[in-house]
Amino acid sequence: MDEELNTTYVTLDGYIEVNKYRYVYFCIIFTLYIIIICSNSTIVYVIWIHKNLHEPMYIFIAALLLNCLLYSTNIYPKLLIDFLSEKQVITYSACLFQFFMFYTLGSSEFFLLAAMAYDRYVAICKPLEYPTIMNKTTVIIFLVVSWLIPAVHIAIQAIASAEATLCNFNLKGIFCNNAVYTLHCQRSRLITVFGVVALLDLVILPMIFIVFTYTTIFIVSYQSCKEIRKKAAETCLPHLLVLISISCLSIYDVGIARVESDFPKVARLLMTLQLLLYHPLFNPFIYGLKMKEISKQLKRFFCHIMKINFSLVY
């Protein structure tokens, strides 16, 4: 009983007319969540079962899509519960956990994209050294670093937020992102300073590395034969499209916490939904259609499924 009384609840105040449209919201989000799970997990499964896709580039793609699954699962089930609830509330501890997972997984995508950029650089600019450089150990190190460094950075901010005193219990949003800072009576210097450090380490530096790496790749491929240019375009373009997508969404997410009541509630909701929808839906589409080997294996996979269904029916 004492534990219940000491639990701090936060109201998610970003919803619009939930009582009126709760079942519409629920059906739309549930459908999208199923599509996200099916599309991302199918490509991960195809990469897993086909040995010819057990190469660094495809392993990083599988990790990126697994990230999308976890990213969506961190938010969508809670949204579905809120749509069917009379009150849209969350405990402050659960809110901070959602905050931690949201930014850890989001930041790790920049590191995975940086790993992909380096992989493409070695494959195109140093093809003879590729098997030596991009070995199993290197891939494992890249994957561990991609998840560990963001987790440590975001954990410090989450712990500092847990210690902060709350003066506001209404969050202007539908899930817990950096708007949690608006709940604090006063933002601590640790959170402010480490927020800048995290932005620099987790977003800006990986982006600079990616841009520099792809610029080098395009310069080298432009000076090479037509076959090298074609290989560079086919393998680098999907990664660049994903980078542009996540960068635009990250700029919005960083900016939205700086804009308070001046930002219309409807516009805030629509933009927040884009954070949740575009990236998890965009990634499997890009990699499933634009990556030649994955696309080929997906076609075979679906043909096999159709044959099984056809044989069961007849």
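Yeah, the Cβs are placed from backbone N, Cα and C, and that goes for glycine too.
Those TrEMBL annotations? Automatic predictions, nothing curated.
Averaged across the domain 'G-protein coupled receptors family 1 profile' (39-287), pLDDT for the predicted model comes to 84. For 39-287, the entry in TrEMBL reads domain 'G-protein coupled receptors family 1 profile'.
What TrEMBL lists as transmembrane segment is 23-48 (among others).
Outside the transmembrane segment (57-76) by six or more residues, the chain places 29, 32-33, 36-37, 40-41, 43-44, 47-48, 98, 101-102, 105-106, 108-109, 112-113, 115-116, 119-120, 123, 139, 142-143, 146, 175, 235, 242, 276, 279-280, 283-284, 287, 291, 293-294 with a CB less than 8 A from a CB of the stretch. Per TrEMBL, transmembrane segment is recorded for 57-76 (among others).
The feature transmembrane segment is assigned by TrEMBL to 96-118 (among others).
Long-range contacts of the transmembrane segment (139-160) within its own chain (CB-CB distance under 8 A, at least 6 residues past either end) are made by residues 56, 59-60, 63, 96-97, 99-100, 103-108, 111-112, 115, 118, 188, 190-191, 194-195, 197-198, 201-202. Positions annotated as transmembrane segment by TrEMBL: 139-160 (among others).
Marked as transmembrane segment by TrEMBL: 190-220 (among others).
Per TrEMBL, the feature transmembrane segment maps to 240-257 (among others).
The transmembrane segment annotation in TrEMBL covers 269-289 (among others).
Away from its own ends, the transmembrane segment (96-118) comes close to residues 57, 60-61, 63-64, 67, 70-71, 74-75, 78, 90, 142-143, 145-147, 149-151, 153-155, 157-158, 161-162, 175-178, 180, 198, 202-203, 206-207, 209-210, 213-214, 239, 242-243, 246, 250, 253 of its chain (Cβ-Cβ under 8 Å, at least six residues beyond either end).
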